[in-house]
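Have a look at the structure below before the remarks.
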């Protein structure tokens, strides 16, 4: 664990024109979180005290959505005064930092996959040098700044991709991720030198300080990330999609190593936190959002969506089911094509069939809702059977009303239960019944037009009434 506290500068003021979107680039999402949030979550795991985020005006409306999981970390938002390059952006923040001995970790908002392990390694290296760079070897370095080393292997400068004129420099495979660490006093001095000596063109590149530091005998070291994929830079939606898949495959691989059976690493999406018991099986195209807990021997069918769900042991979720903010106890079976909306709680061995929608409801042990039904705002007891096509009419146009169905009730197909209403134990509701009044226990209720037939050979069956 790092003992010294660091401050972090996140450069997030880029225009992101290549994203072709009205949404600021750093607010585009990977695994359900913005790129900026990914960075904040990573740096919050190391020993930092402050985060300075340099942003442009288009990001202002998104500021309330950004947070740190650690209350001890302060986040400062710094509006970029003018688009004059990364050097000026950092200098703007440095004017707010009065301790010239403070170590500053600089990150880029469009490099979101950096891990806390890599950042921790970079910070630890800082004790042995004046500048610590995060570099990587990549197959295709196009678009990245290249690391220039001398014959002894020392880093002497960084040349931006746009400024490369020498073919030998162009084929260099070691790239600068944009991420580095140094001391605030040094950064101030180097940037002031560049400005005072007019050693810049239209924009002041932060990377220009490396050449100055080397020529003044400062020690520059470089390390590589734990995984080269961490330094993927995102400039357009194609990059975003690639980064998403890289992230998801890594998360799926972690789950496999923990014993979870993921049918296809390329067809699994984790957009939150997943906790699993033993022998859990997850089929293809499953999406996990929010906080999801799966008990032992749970099976999730293809194309299911689970959002903020707690599922007990031996539960089977059949394909194409959507479950959110719900709790399902052990040995229950759900779906296919079931929808469980917020507030649903299923006790043990409950069966929910295809095309059933539940909302704000509790179903007791061994109760069944077979198919084609809607139940909302209700408390259903144990061993209740709800026939196909049953609807709880819980909304009168102004307010939602509550329904109570006690133990061992049988509700026939195509019934309507008009809330507020209570149905007593062991009652039977005949098929096609509309129930508008409370039903006592053991009662049998039928309310429908009696069937009758018309015998008339002269009736033209093809005539329209």
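Just so you know, glycine gets a Cβ as well, placed from its N, Cα and C.
Feature annotation from Swiss-Prot assigns active site, proton acceptor to 371; the stated evidence is sequence analysis. The local packing around residue 371 (active site, proton acceptor), expressed as other Cβ atoms within 10 Å of its Cβ over all shown chains, amounts to 18.
Cβ-based neighbour count (10 Å, all protein chains) for residue 110 (Mg(2+) binding site) stands at 24. According to Swiss-Prot, the feature UDP-N-acetyl-alpha-D-glucosamine binding site maps to 11-14, 25, 80, 85-86, 108-110, 145, 160, 235, 341, 359, 374, 385.
Positions annotated as Mg(2+) binding site by Swiss-Prot: 110, 235. Note: residue 235 (Mg(2+) binding site) has non-local neighbours 16, 18, 19, 25, 110, 143, i.e. same-chain residues 6+ apart with C-beta under 8 A of its own C-beta.
If you draw a 10 Å sphere around the CB of residue 388 (acetyl-CoA binding site), it holds 18 other CB atoms from the protein chains shown. DSSP assigns residue 388 (acetyl-CoA binding site) to coil in the three-state reduction, placing it in neither a helix nor a strand. The annotation acetyl-CoA binding site is assigned in Swiss-Prot to 388, 394, 395, 431, 448.
Annotation source Swiss-Prot lists region 'Pyrophosphorylase' at 1-237, citing sequence analysis.
Note on the region 'Linker' (238-258): its mean pLDDT in the predicted model is 97. Annotation source Swiss-Prot lists region 'Linker' at 238-258, citing sequence analysis.
The region 'N-acetyltransferase' annotation in Swiss-Prot covers 259-465 and rests on sequence analysis.
For the pair residue 160 (UDP-N-acetyl-alpha-D-glucosamine binding site) and residue 448 (acetyl-CoA binding site), the Cα-Cα distance reads 80 Å. Each residue contributes its Cα atom, and for residue 109 (UDP-N-acetyl-alpha-D-glucosamine binding site) and residue 395 (acetyl-CoA binding site) those atoms are 47 Å apart. Put simply, 388 is the one of the binding-site residues 11, 359, 388, 448 whose Cα lies nearest to the Cα of residue 371 (active site, proton acceptor). Residue density at residue 14 (UDP-N-acetyl-alpha-D-glucosamine binding site): 22 other Cβ atoms are found within 10 A of its Cβ, drawing on all protein chains shown.
Of all residue pairs in 388, 394, 395, 431, 448, the annotated binders of acetyl-CoA, the farthest apart have Cα atoms separated by 22 Å.
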